[in-house]
Amino acid sequence: MDMDLDKVQGSKAETDCREEKENVIVQVKENTDIKHVNEEGIMEEKENEEKGECKEERRKELQNTRCTAVKCVCVEAVSGLRSMGERVLEGVEKVCEFWGRVVTGHPFIAIFITLMVVGACSLGLLNLKLEQRTSKLWYPQDSNIVKVDEWRSHHFPAQHRSHVLLWESEENVLTAVFVKRIFEARQQLLNVTFYNNGTALRFQDICLRVRSYVTPLPALSTYFNMSGVDAETQKASYCQQVEALPTVCYERSFLEVWNNDPEIIMNLTDEMVVRDINHNKVSPVFGLPIRFTDFFGGKEMDGNGQVVKARVTRHTLVTSIRRNVPTVDDLANNIAIDKASLSWEKAVLSEALAISSDTNFRLVPNIAISMWKESAASIFGDVPWLVTGWVVLIVYALITLGRPCATLVGICSVGLSVAVSYGLCSALFVPCGTVTYILPILLLGLGVDDMYVIVAAWEVASENGSRDLAWVGGRTLRMAGISIMFTSFTDAIAFLVGLSSRLPAISWFCGYAAVGIVSTLFLQSTLFLAALSLHHHYISPIFSVVLPSWMQRSTNIVQRVIKHYSMIIGRTGVTVGVTVVTLLLLGLGCWGASCLNIKYEPKWMLSRSSYLYNWFEIMEQYFPPTGYTGVVFFGGVNITTELPGLRSLVTDLYALPIITNVDAWFLQLEKTLEMRSNASWSVFEEASSLFLHSPEGSRYIHHIAYQGPLLCGHPILNISNFKLHFRIQMLTSNSEEQKAMTDIIKIVKEANITGYHSVYANGFHSWEMERHISSELKLQMITVISVVALMTVAMIGINTIALLVVGCVAAILLETSALMHVLGLTIDPITTIALILAGGLSVDYVAHIAHAYLATRGDRQTRAQAAVCKVGPPVLHACLSTFLAFVILAPSESHLFQVFFKVYSVVSLLGLLYSLIVLPCLLAGFGPQRLQPSSTQSTSPLCEASNTSLTHNTTDGEAQHDITHNTINTSNSSTRHTFTPDS
């Protein structure tokens, strides 16, 4: 009788709407034909117009009529969107039910075919390509920084590697005892022996060798300005003197002041150490001016301005890179090194760490290979914490799901989905970046969430005691399929849109994530569902006896707690309080997100307890940077004809307030040799050769790319590829850095010079990364929210539910960003990936509540309470399991795991807050009032069965909380009624 009455009311409502529309059309037609009334009416109208009354009335009437017509059209459009959502839901439900029947009806066949598909997809792992080079991961491949890197690696490949040692004392390094101990340790390091192809080698065999100008040379300008035969003779004599100079290994430390002589050093006193360090101004090793006090940090001065005490001193060793032998890629520094140099670096690093264990002083090394080794060790060193978190999550799932074998199959399905993702993407030649390693974290969270929803639906579907597992499986996937498909496809589409990212690391990760999410959905709805079927067919009778009673009651306890909590949802005071608190949180979220800074430092990728991280800390404390070194590269430039443009470029760079120095070798050449500015090309080539072999020009040797060997007195042919250096003052804010980079690039780009010219500075990598990371983060956040909005509208139409779902997801992301600022995080590559993943997880939490509300009948409060009762337990378990998995990472020392611990702990707690408290209360206060009958769809069986269960589970001593007042015939799945939401 109730259904007949509903149908009559529905037909009457449609008739009333049709009649109202016809009346509107008639009124519009009458207003349009008013011009054709008889002459008497026209005269009367003119009289009324003179009074200013009729015209105003007619205008208002016409306006109201048109507004009514527009309103009717808008209502029809919204109704059309709702109808589309209804048809989509109906189709998805039918497909899910069919798939569930097939899988649970033939579980062994389903498992076999699924494993075969997974195996075939995993074959793509044979084509797996790992990419760890920073320039290939975090910069658009068409950006200036990448282009400059490629040009530099081709025309100016790295020729040497620097290794910096820090010697630290708790008291004073300027003592004779400390100097002697450093010298002894130095000898140990220089005598480290390694073998290359059976040959024993030491530092002196692979070091960068330079000339020592201890023996004075005549001034070059004297020889160069001479002419005739005598000039050629004098130049030849000068080159002979240069060639006779000894070469020494390039090693810089305060020990140079005593020429690294053991006899002098072993007889030093404290007074002699202080005197020699302060008064000697020329290096006895290289014969070049030097200030030895610059080697010390934490200095204390006496009244005369002399350094009398210091805490730290630095020591630099430089090795050469051989190019005519097999090389190995140093991924951290993005350069290729020969195997001999790599062997020495490993050996000397091991020796340095052994020396650092001395209690009298501390040696903190930074060998060139250290960043490569320590960044990898930092991540893999904390893997046990990650594994512990996974174990905790698995144990929690085993306890709360109560089906150990099926649960383990579900966990293994996540691992298989990772293999499918890596295999398919590798088969499509998508490289695997370093951030892709964290994909299992996302898939594990989503997979466990799906498991909880499927198990909850299975329990509801099997409440009637049916032994037909195929029927139960079909009903289970019909009930749970909408929720898990909505969340999975929303996440997958969001990540697919992320493929358009200009940053390769994010683009590749989004591709792997999209495939992995769809794979997780497929495997959970096949392998896990089949495992559930087998569990209830073979294991359940035994398991119910063996399982401890407290484990059997755990699920019921959670359900009873959620049920009692749901009773307060919808009360006026609760709704008002939750709304106020939510608005306050949003306000604080806006404030915190606006304070979030953009900053990235390479040392963050290191463990905080590592020696290398400590090296960076000491350098910042005792040797703070004074600026950045920049380089302008030139290629294919005729230096004699382009000298005016080069001078103009130097002038323009000096004009920038942030530039403190420009060091151009060609200008120093003119100054040293007193050359004419209009010197010919041949003169310039010969002059360059002499200049680069002089004490003044030797430091510029690596500023030119040579076509052949550099020989004194022989002209340097075809000088076209060269560079000049400049210094940028220290900048304190991201805005200053971005402006400085933009201004410098603009000046170099607009220089009036023919040929290739581009600029690079050692701060540009970080600044360029920060600029692109910021824009990409904003783009990805907008993408996630937009996709959530579109998918929500497509599934449930335009209504209050869709608005609240999108608002909750946006609020979770906003408040997560704010708490990142509070927890000391900044926007960097790792936090960007973490926030993108957070968007995927946050959708899962709120979407299940929204779908449950949509599928329930009744008023606002009843539907909100039923939604919480129905999916509250699985959502609670999903949030808590994610929280437990990541809170275990709290003791980890790597930046990567610290970010994931902080971000995902926050996301899981905020997801719990918004899914079980904020969203239900807002739905109870502002959601759709009721569901109207429709003849095209059916009510969600999950809602009906769950509501019946809730009614039967109430005891006599409890207040009856009857959700629906409806009973269903569970034995006949074809008898259903459909309800669609009001706006």
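Backbone N, Cα and C atoms are what each Cβ position is placed from, and that goes for glycine too.
Bear in mind that TrEMBL entries carry predicted annotations, made automatically and left uncurated.
Features as listed in TrEMBL:
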{"type": "COMPBIAS", "residues": "936-957", "note": "compositional bias 'Polar residues'"}
{"type": "COMPBIAS", "residues": "965-983", "note": "compositional bias 'Low complexity'"}
{"type": "DOMAIN", "residues": "408-534", "note": "domain 'SSD'"}
{"type": "REGION", "residues": "936-983", "note": "region 'Disordered'"}
{"type": "TRANSMEM", "residues": "108-128", "note": "transmembrane segment"}
{"type": "TRANSMEM", "residues": "383-402", "note": "transmembrane segment"}
{"type": "TRANSMEM", "residues": "408-430", "note": "transmembrane segment"}
{"type": "TRANSMEM", "residues": "437-458", "note": "transmembrane segment"}
{"type": "TRANSMEM", "residues": "478-497", "note": "transmembrane segment"}
{"type": "TRANSMEM", "residues": "509-534", "note": "transmembrane segment"}
{"type": "TRANSMEM", "residues": "574-598", "note": "transmembrane segment"}
{"type": "TRANSMEM", "residues": "781-813", "note": "transmembrane segment"}
{"type": "TRANSMEM", "residues": "833-854", "note": "transmembrane segment"}
{"type": "TRANSMEM", "residues": "875-891", "note": "transmembrane segment"}
{"type": "TRANSMEM", "residues": "903-926", "note": "transmembrane segment"}
Tell me, what is the mean pLDDT of the domain 'SSD' (408-534)?
86
Counting only residues at least 6 beyond its ends, the same-chain positions whose CB falls under 8 A of a CB in the transmembrane segment (383-402) are 408, 410-411, 441, 444, 448, 451-452, 455, 547, 551-552, 554-555, 558, 877, 880-882, 884-889, 891-892, 897
Beyond the flanks of the transmembrane segment (875-891) by at least 6 residues, Cβ under 8 Å:
382, 385-386, 388-390, 392-393, 396-397, 400, 444-445, 448-449, 452, 558, 562, 841, 844-845, 848-849, 897-898, 900-901, 904-905, 907-909, 911-912, 915-916
Which sequence positions outside the transmembrane segment (903-926), separated from its termini by at least 6 residues, show Cβ-Cβ distances below 8 Å to it?
441, 445, 565-566, 569-570, 574-575, 578-579, 582, 800-801, 804-805, 808, 811-812, 815-816, 819-820, 823, 825, 831, 834-835, 837-838, 841-842, 844-846, 848-850, 853, 860-861, 863-865, 867-868, 872, 875-876, 879-880, 882-883, 885-887
Apart from its near flanks, which chain residues at least 6 from the ends of the transmembrane segment (833-854) lie with a Cβ under 8 angstroms of it?
435, 438, 441-442, 445-446, 449, 453, 482-483, 486-487, 490-491, 494-495, 498, 505-506, 509-510, 513, 517, 777, 780-781, 784-785, 788, 792, 796, 801, 804-805, 808-809, 812-813, 816-817, 863-864, 866-868, 870-872, 874-875, 878-879, 882, 899-900, 903-904, 907-908, 910-912, 914-916, 919-920, 923, 927, 940, 942-943, 981
Quick check on the domain 'SSD' (408-534): DSSP residue counts for helix, strand, coil, in that order please.
111 helix, 2 strand, 14 coil
